[in-house]
């Protein structure tokens, strides 16, 4: 009876979204390491000096990242509409097909020695299927539907933790897999084959086994303070009866600025560590990526601990301070040891975004969660369209006198992102105080 019971548990687990997330992140992390090393190798062959190599690499990523962020905008919105009309799995299944096809194209680039520009077509294909901007809101919508409002933030952070754990494992082995080769298969081929198989398995799970679960979404008493002060007598419904547009705007502004800073800095961290004085190998690159994935764990633990005595707004600010200080230290990094010291201060840098998503889901009706979360993801895409050329230009122009200038810029922008969250925290606290007065008018005379 033990064996059938274990089989039932395994079957039930495979019907959740978590195995899909793990497999996707395992495959994606292996792909990212492979792409970075392939781009580095091609840039070395195409240029004679390190400055020229850096320009070739950053120019490639400029176009590639713009395509990845711009092309998915319309497909993501269409998939979000399908999700809100009952097709909840569509924003998960369709993007996974794009993941698989784009990984196959990089495998062909390595095997057949196709031009690196083929990856621009892979990026466009990835975007047409919705990309990450459709996949992640789709995942978060499924997670939101199966969790109560009181537990939603913790559940979302748990998913982020799982995502980071998969990335950590894949990062640790990615550099070693890249170096595996045979007489007929060059460096990176085995790594890409494994990545492609993982994406294929993830797509099969999402298409044939994934199920959508729902729980009651009655609005708890403590969340009504998120409504405007005049709506304290609103009936209990799925989500708030009235949307406080200013609070939503503050959340979107903070998310835009923070993603602008984080995305801009991290997008150039790869080229930064591959050049002198660091000059990392594939194995060192994998370990560096693993350090970044480890932040998922520390952010999850930090969120759980801080939530016991701090509000969501305060927790977001803690995460932003963590990133701002760590990335500031990265400005002056010249050794591998200094790199890891700087990254160690980013312990809670991943707390803000899932917490912002959780707060946003408490501001809109449950029937619109898919659209709201996708519009937030689109806001982050717009941020990417702007920060990619801005940070790339700053990096190329400051390469000779301060290569870490982009990290200093990211630190300053992160401080700016703390302003709207601080305002939101004050508004939320004022709303709670107003509500307590309405419930106990006699307290004014005490």
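Placed from the backbone N, Cα and C atoms, the Cβ positions cover glycine too.
Nobody curates TrEMBL annotations by hand; they come from automatic prediction.
The stretch that TrEMBL tags with transmembrane segment, taken from the ranges 221-247, 248-274, is 248-274. Using a Cβ-Cβ cut-off under 8 Å and counting only residues 6 or more beyond its ends in the same chain, the transmembrane segment (313-331) has close neighbours at 254, 258, 261-262, 265, 269, 299, 302-303, 306-307, 338-339, 341-352, 355-356, 359, 402, 404-405, 407-408, 410-411, 414-415, 417-418, 421-422, 424-425, 428. Listed as Cβ neighbours of the transmembrane segment (401-426) (distance under 8 Å, sequence separation of 6 or more from its ends, same chain) are residues 247, 250-251, 253-254, 257-258, 260-262, 264-265, 268, 272, 275, 311, 313-314, 316-317, 320-321, 323-325, 327-328, 330-333, 352, 359, 391, 394-395.
By the Cβ criterion (distance under 8 Å, sequence gap of 6 or more), the transmembrane segment (161-178) is counted as touching the transmembrane segment (286-306), at least 3 such pairs being found. Residues 140, 152-153, 156-157, 159-160, 164, 226, 248, 251, 254-255, 258-259, 262, 273, 278, 288, 291-292, 295-296, 298-299, 302-303, 306, 312-313, 315-316, 318-320, 322-323, 325-327, 329-330, 372-373, 376, 421, 424 of the same chain lie 6 or more positions beyond the ends of the transmembrane segment (337-360) yet place their CB under 8 Å from a CB of it.
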